[in-house]
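The structure follows.
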Amino acid sequence: MYSTGLVRWLVLAVVAVLPLVSALGLVPYPDQDPFYYPPSGWQNKKPGDILRSRKIQAASVGALKFNLNAWQLLYRSNSNTAHTPSYTITTVLVPHNANKKRLVTVSSPENSNWIRCAPSYAFRYSGVLELTNFEPRWEQMLYMLYLEEGWVVNAPDHEGPNSANAAGISGGHMVLDSMRATLNSKEIGMDKDAKLIGHGYSGGSIPNGWAAGLQSSYAPELNIVGWSLGGTASDPMMTLDFLDGSATAALSLIGAVGLVDGYHDELYDLFNNQIWTDEGKRAVWTAHHACVYEMVFLFMNQVIQSPKYIKGGKNFSDYPQVAKITNKLTMGTNPKYVPRKPVFMFHAAYDEEIVWYQANNTAVAWCEQGANIRFLTETNKALNHVVTYLLNLPYIMEYMRDRFAGKSYYNGGCQFDSMSEYPLFDTSVLGDRFKEILQITLDLLGKEIGPNDSIYRAKLANHQNPNKVGIIHPSGMKSTTITPGEGGNDSPASKIVRKTGKASSGNSSTESTSKNQTQSGGDTTNIDQYSADGKGAGQGNN
């Protein structure tokens, strides 16, 4: 019996490899578009400085025009250190009647090693239905929720010019510098004191999580009011191991290739001369010439860490140079990089792609280092990786509205909850906001995008502030705030699960199990359902 997650990958992978339609040359690919290449002297600019700017017709799946204003900015940034010049592009969507004091930056789960899979290219209108490179395209449809609020949306190509997937620190720099660039754009005209929120799910959680940790030292001037992270892939080695041999084994290969692309000087010779077999090198070439769904189709259930692809069938963690970098890129291990603004994290206990342990470990580590976090575990067994994202959209929206409104977030402490409900269809949570979700359909069919719609007018007629929550009620979500350092079953330390073996990548030495308690009702749910050890664990929910 296939899980809905696997069906999603199967269907979209088949669609991706069918030559149904193409852009017919109407929009040049990024590697053939001069806009993607910086002018001479760009290295001397400051991070966030705009190098090129253009107005575009934004669209979904190539053919469904967005009825709003959109710009693309080529801007100066940095790669994996704060002093290593790089550059990338961001796409900025400005709805009608926009509130220029609100900016939501979304890190798309690109999950690819090819520049032609970049979100910026997926935003372009070609006039032809395009079903390839669907990974960033499907999430773009969700941006309507933010745009209907009147918020400006900023979507950077966080993998940069080398398409360095999962490179962590590099992506964090590019996310923060995309905010700077958006604020610097005179054409867009953002308020210089605009409130900023960063959001990222799955592959997008990596650059977004690193942006959260880097912000206080790298971009302290930005008026960040919150970060939203879901399905957080916070431990690179655990992710590589967990996915290997599963239906989405391609993501393990893509992640390894991304590490090499992001840390070329440190890892390229090692991988090219000592790690990859000839078949492995062919797989790397394929990764550099395909988007994620094609890759999933081609490498389904393949064991990457095997003699077929790696000399001697070794594991990535067997190489100290690799383990050193993945340890460095594990969120929560360095006290220098801790979020200093409120963070909302949510994760499915039965996530078949990104194991729950790593996200929980990071939340606990950050909490113990003074972060302000709410970590929500979804315990319903029907909630897989993608469904968890979709069904938590009301909570994401509620969180963002509250942050923009300046509300306190658990008194600056930490909160660890679990729940089993389907939040999207819980009327006590969603209420009339279901009507607003229906607006997405109209938006994609060409309706003028922005808060000047029937719901907006109805709120005004009822003397409601359309920019306040007022409708969503977080029933079943309230529980006692947990402060780092408290003892007993309610302390963050009791919630952590550290696994030994290959998947731990040497980041943890203590093996334990944990029960995540729903504090509002007192019930307990055993989260220790997956073993993070061994290859092929990602198939556990299929």
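Here the Cβ of each residue, glycine as well, is placed from N, Cα and C on the backbone.
For 1-25, the entry in Swiss-Prot reads signal peptide, with the evidence type sequence analysis. As annotated by Swiss-Prot, disulfide bond applies to Cys117-Cys291. The active site, nucleophile annotation in Swiss-Prot covers Ser202. Look at Swiss-Prot and you will find Asn315, Asn360, Asn452, Asn507, Asn516 tagged as N-linked glycosylation site. Summarising the annotation, Swiss-Prot assigns active site to Asp351, His385. Residues or ranges marked as region 'Disordered' in Swiss-Prot: 466-542. Summarising the annotation, Swiss-Prot assigns compositional bias 'Low complexity' to 502-516. The compositional bias 'Polar residues' annotation in Swiss-Prot covers 517-529.
Quick one: where do these features end up spatially?
Secondary structure at Cys291 (disulfide bond), as computed by DSSP, is coil. A 10 Å cutoff on Cβ-Cβ distances gives Cys291 (disulfide bond) a total of 24 other Cβ atoms nearby, all chains included.
Ser202 (active site, nucleophile) is surrounded by 25 other CB atoms, counting those within 10 A of its CB over all protein chains shown.
Reduced to three states, the DSSP call for Asn315 (N-linked glycosylation site) is coil.
Around the Cβ of Asp351 (active site), the number of neighbouring Cβ atoms within 10 Å comes to 26.
All protein chains considered, the CB of Asn360 (N-linked glycosylation site) has 26 other CB atoms within 10 Å.
DSSP gives His385 (active site) a helix state.
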What Cα-Cα separation, expressed in whole Å, is found between Asn315 (N-linked glycosylation site) and Ser202 (active site, nucleophile)?
23
If you count Cβ atoms within 10 Å of the Cβ of His385 (active site), leaving out that atom itself, what do you get?
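His385 (active site): 25 neighbouring Cβ atoms within 10 Å.
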Find the one among the recorded positions Cys117, Ser202, Cys291, Asn360, His385 whose C-alpha lies closest to that of Asp351 (active site).
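Closest candidate to Asp351 (active site), judged by Cα separation, is His385.
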If you compare CA-to-CA distances from Cys291 (disulfide bond) to each of the recorded positions Ser202, Asn360, His385, which comes out shortest?
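For Cys291 (disulfide bond), the spatially nearest of the recorded positions is Ser202.
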Out of Cys117, Asn315, give me whichever of these recorded positions has the highest number of other Cβ atoms within 10 Å.
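In terms of Cβ crowding, the pick is Cys117.
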